[in-house]
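Structure, as structure tokens:
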Amino acid sequence: MSVQENELPQQLWPWIFKSQKDLAKSALSGAPGGPAGYLRRASVAQLTQELGTAFFQQQQLPAAMADTFLEHLCLLDIDSEPVAARSTSIIATIGPASRSVDRLKEMIKAGMNIARLNFSHGSHEYHAESIANIREAAESFATSPLSYRPVAIALDTKGPEIRTGVLQGGPESEVEIVKGSQVLVTVDPKFRTRGDAKTVWVDYHNITQVVAVGGRIYIDDGLISLVVRKIGPEGLVTEVEHGGFLGNRKGVNLPNAEVDLPGLSEQDLLDLRFGVEHYVDIIFASFVRKASDVVAVRDALGPEGRGIKIISKIENHEGVKKFDEILEVSDGIMMARGDLGIEIPAEKVFLAQKMMIGRCNLAGKPVVCATQMLESMITKARPTRAETSDVANAVLDGADCIMLSGETAKGSFPVEAVKMQHAIAREAEAAVYHRQLFEELRRAAPLSRDPTEVTAIGAVEASFKCCAAAIIVLTKTGRSAQLLSRYRPRAAVIAVTRSAQAARQVHLSRGVFPLLYREPPEAVWADDVDRRVQFGIESGKLRGFLRVGDLVIVVTGWRPGSGYTNIMRVLTIS
């Protein structure tokens, strides 16, 4: 039989749920041909022809309805369409290759959700100009309220990091550090802008006290490694273990050394004040080692910056060991795999990644996967196959956001890199085993008397039961949307808000599509709710993931203000 839009008898719903499951299972056991019968599995097209196309997302549907994770893997189909709307947010680092207004417009169109400014490089004047360009590019899409895409701005602090100086050849120069040669690592200020292949200046004055003979110094994410042979009055005499080309202002790592740098430097305090004055949405706090480092950042932001989200970057062994205490006081976590892969063995980075993503998912806090995701696209138009798998597996692990660094800051193909991450994420999201994920998250969730959280759990469960195309939530601060995201619905979460800051910040949460509603409140509360819900529906139609006949879950409050979300309804799109 064929079910037409808006003509579904109520008594057929139990049959639909059973049919979805049975058809998916028959792909494994019911097809002729014995154990290999799954090769002749029911296609998505056959399944949707049986059940009608208006009531659920079609992507990888047989796999989504599998009983076990192994069945789910067997039913994945390379010919299935990707998800219509990407759930994982894309963070792009803004630099010389991407800071023009026209290039930023292209990147927003390609899928950039959060623009990252790296304060390890550039002056305040430089970053102020970048912020102005980002906002101008984002506001160019504001002519249509339905298609307007809020873009968050994130400030990435320098943190207690160590960097090399400037080479005497100038800011764009490079020198080759040859394997087996001798290099002096010094803090003598006369070499700060006069570095060469034999002398490298670093900005950590106590380096001679914390590094022992035989210790290693890694430069530029470990591309260059030096072994300390002698500690002298002028600095550290080292032998090049692995050579390479050294540029300006490259990061330095001292594994196993007890670096005594403060959690926040004087420059960090100035940068955070700059962020508050320029209304940034997110702080990426670098080299967080313990909970007190996060508290120090919060104190530095002051009351004026209390609405800014703090995402702690885990980049060293101590941060991994104290992960739980850091997570408790943070708004989210970033896995900065570059420095982390130097501080701990490279073969253990994937373990740290999976652990951090899992714990963030359980806590319901955003988690960002960063560093070298599409590194080859700095110079090439297409990534390696290993890189595409890395991005996809970060999505499958449960990351809320995936980040581009040098690919967009200095690369030759910044727009193409964003497009590639967008395409990979769409395919990976279709392959997520949502049924198992939701059940595990629900079982692991502690008992709650918070009406908003209880309503969020019920809304996500209802979205699975009725195969809803979307969950529309009206939110003031973004908290309701984040709670819905916590339980990883298969349906898109359309968050309608009047708060521009909330609209930008909810990009940190997976599966949330923010809509900034600019109309003034109606005199009658119920009328205002209906208008905002309709605004969400119209935007969903425009973006292509809502159609006539689809079911949507609507989550609203019972009165104006934040903290009153406890009403859930089911609507049919007409």
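Including glycine, each Cβ sits where the backbone N, Cα and C put it.
Here is what Swiss-Prot records for this protein:
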type	residues	note
BINDING	Arg116, Lys313, Gly338, Asp339, Thr371	substrate binding site
BINDING	Asn118, Ser120, Asp156, Thr157	K(+) binding site
BINDING	Asn118, Phe119, Ser120, His121, Arg163, Lys250	ATP binding site
BINDING	Glu315, Asp339	Mn(2+) binding site
BINDING	Thr475, Lys476, Thr477, Gly478, Arg479, Ser480, Trp525, Arg532, Arg559, Pro560, Gly561, Ser562, Gly563, Tyr564	beta-D-fructose 1,6-bisphosphate binding site
MOD_RES	Ser2	phosphoserine
MOD_RES	Ser19	phosphoserine
MOD_RES	Ser26	phosphoserine
MOD_RES	Ser43	phosphoserine
MOD_RES	Ser292	phosphoserine
SITE	Lys313	site 'Transition state stabilizer'
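Using CA atoms as reference points, the binding-site residues Phe119, Arg163, Lys313, Arg479 were checked against Asp156 (K(+) binding site), and the closest is Phe119. Of all the binding-site residues listed here (His121, Lys250, Lys313, Arg479, Arg559), it is Arg559 whose C-beta has the fewest other C-beta atoms within 10 angstroms. Residue pair Asn118 (K(+) binding site) / Lys313 (substrate binding site) shows a Cα separation of 13 Å.
Within 10 Å of Arg479 (beta-D-fructose 1,6-bisphosphate binding site), counting C-alpha to C-alpha distances, fall none of the recorded positions Ser120, Arg163, Ser292, Asp339.
The binding-site residues in question are Asp156, Glu315, and the one with the fewest Cβ neighbours inside 10 Å is Asp156.
Cα-Cα distance from His121 (ATP binding site) to Thr157 (K(+) binding site): 10 Å (rounded to the nearest whole number). Summary of the K(+) site environment: with the site residues Asn118, Ser120, Asp156, Thr157 set aside, the chain residues having Cβ atoms within 8 Å of the Cβ mean position are Leu117, Phe119, His121, Leu155, Lys158, Gly159, Phe284, Ser286. Under DSSP, Trp525 (beta-D-fructose 1,6-bisphosphate binding site) is assigned to a helix (H, G or I) in the three-state scheme. Taking a C-beta cut-off of under 8 angstroms and a sequence separation of 6 or more, Asp339 (substrate binding site) has the following same-chain neighbours: Asp221, Gly251, Asn253, Phe287, Glu315, Asn316. When Cβ atoms from all protein chains are considered, those within 10 Å of Thr371 (substrate binding site) total 20, not counting its own.
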